[in-house]
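Peer 1: OK, Swiss-Prot features for this one:
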| type | residues | note |
| --- | --- | --- |
| BINDING | 66, 67, 68, 69, 70, 71, 72, 73 | ATP binding site |
């Protein structure tokens with residue numbers, strides 16, 4: 001078959017597929033609109049840089065997992081706030097029945113516009129998510145959490161009944177159904193997950209996430225979030241030092257990490273990240289305990305500089321802009337971004 005005949009045959013096949021399944025069902029990759037991946041900021045400057053595209057990708061499945069009280073829900077509430085700032089409509093499937101509206105509001109979430117559902121079963125939660133995603137009107141949906149998506153058979157059964165892998169089967173079936181709708185509607189779908197210990201593991205990490213392996217495969221981005229220390233004001237604990245690692249990334253190189261502070265009552269401290277990244281990139285000068293920007297001293301001690309940046313948002317925004325512009329250089333400054 002000559003090249004001309006091949007081209008005619010392909011054109012005829014493409015026309016037939018479009019006639020059967022609608023315009024846009026098949027095309028050449030270069031003709032596809034929005035080849036560049038759009039992203040929504042995570043609310044953390046360091047994590048945006050670690051993700052490689054300035055945030056979480058639209059139209060993809062994201063998994064955020066970690067131990068208890070590590071900041072999983074805080075991070076997702078920041079995601080919602082950032083999406084709403086960009087005019088997005090968000091939904092929160094609260095399977096754990098534990099969302100605190102007052103805390104969400106403090107983190108910048110417009111709770112009057114946030115759609116919330118507190119389903120009784122895992123099937124109900126995933127059906128609600130599927131309906132909202134297929135509507136095309138939702139920009140971001142959070143499912144909190146995979147561990148709380150209890151199958152109906154387990155709820156209706158006796159307390160001691162063995163329900164072998166029923167949750168894993170439920171997740172596998174749901175993700176097969178959801179994945180095409182998520183991509184088509186450009187909806188960011190975030191699953192929060194918990195950690196469990198595997199019994200009898202001699203080598204390697206004994207940790208695993210709940211709900212089987214399906215989510216590990218379908219997720220484009222997997223973020224591991226851990227609390228690594230406390231932030232104290234004299235004797236009072238006022239926040240936690242947090243480390244996140246992008247353990248899977250289909251849109252950029254994986255295994256990059258970021259550190260940030262989560263302050264109780266106000267969430268991720270952007271000012272703290274601006275200071276740390278600014279010093280690493282030599283945008284902010286540090287001499288002993290003093291910090292300076294453009295040869296002008298801006299404070300003594302990290303907490304005082306954080307307060308200065310809060311009171312002078314124009315300077316904070318200016319430094320943040322320079323950090324984002326230099327973000328390509330950050331990969332060379334080793335934020336522990338390669339797997340050890």
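Glycine is treated like the rest: Cβ placed from N, Cα and C.
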Peer 1: Given the binding-site residues 69, 70, 73, which one's Cβ is surrounded by the fewest other Cβ atoms within 10 Å?
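Peer 2: Candidates: the binding-site residues 69, 70, 73. Fewest Cβ atoms within 10 Å: 69.
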Peer 1: Taking the Cβ of residue 68 (ATP binding site) as reference, which residues of that chain separated by at least 6 in sequence fall under 8 Å from it?
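Peer 2: Listed in sequence order: 194.
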Peer 1: Report the same-chain neighbours of residue 67 (ATP binding site): residues 6+ apart in sequence with Cβ closer than 8 Å to its Cβ, ordered by sequence.
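Peer 2: Within the chain, residue 67 (ATP binding site) has Cβ neighbours under 8 Å at 194, 195, 226, 227.
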Peer 1: Name them in sequence order: residues not among 66, 67, 68, 69, 70, 71, 72, 73 whose Cβ is within 8 Å of the mean position of the Cβ atoms defining the ATP site.
Peer 2: 225, 227
Peer 1: Enter the number of other CB atoms within 10 angstroms of the CB of residue 71 (ATP binding site).
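Peer 2: Here the count is 24.
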Peer 1: DSSP secondary structure for residue 73 (ATP binding site), reduced to helix/strand/coil, please.
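Peer 2: Where residue 73 (ATP binding site) sits, the three-state DSSP reduction gives helix.
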Peer 1: Identify which of the binding-site residues 66, 72 has its Cβ surrounded by the largest number of other Cβ atoms within 10 Å, counting every protein chain shown.
Peer 2: 66
Peer 1: Using DSSP and three states only, what is residue 68 (ATP binding site)?
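Peer 2: Once the DSSP labels are grouped into three classes, residue 68 (ATP binding site) ends up as coil.
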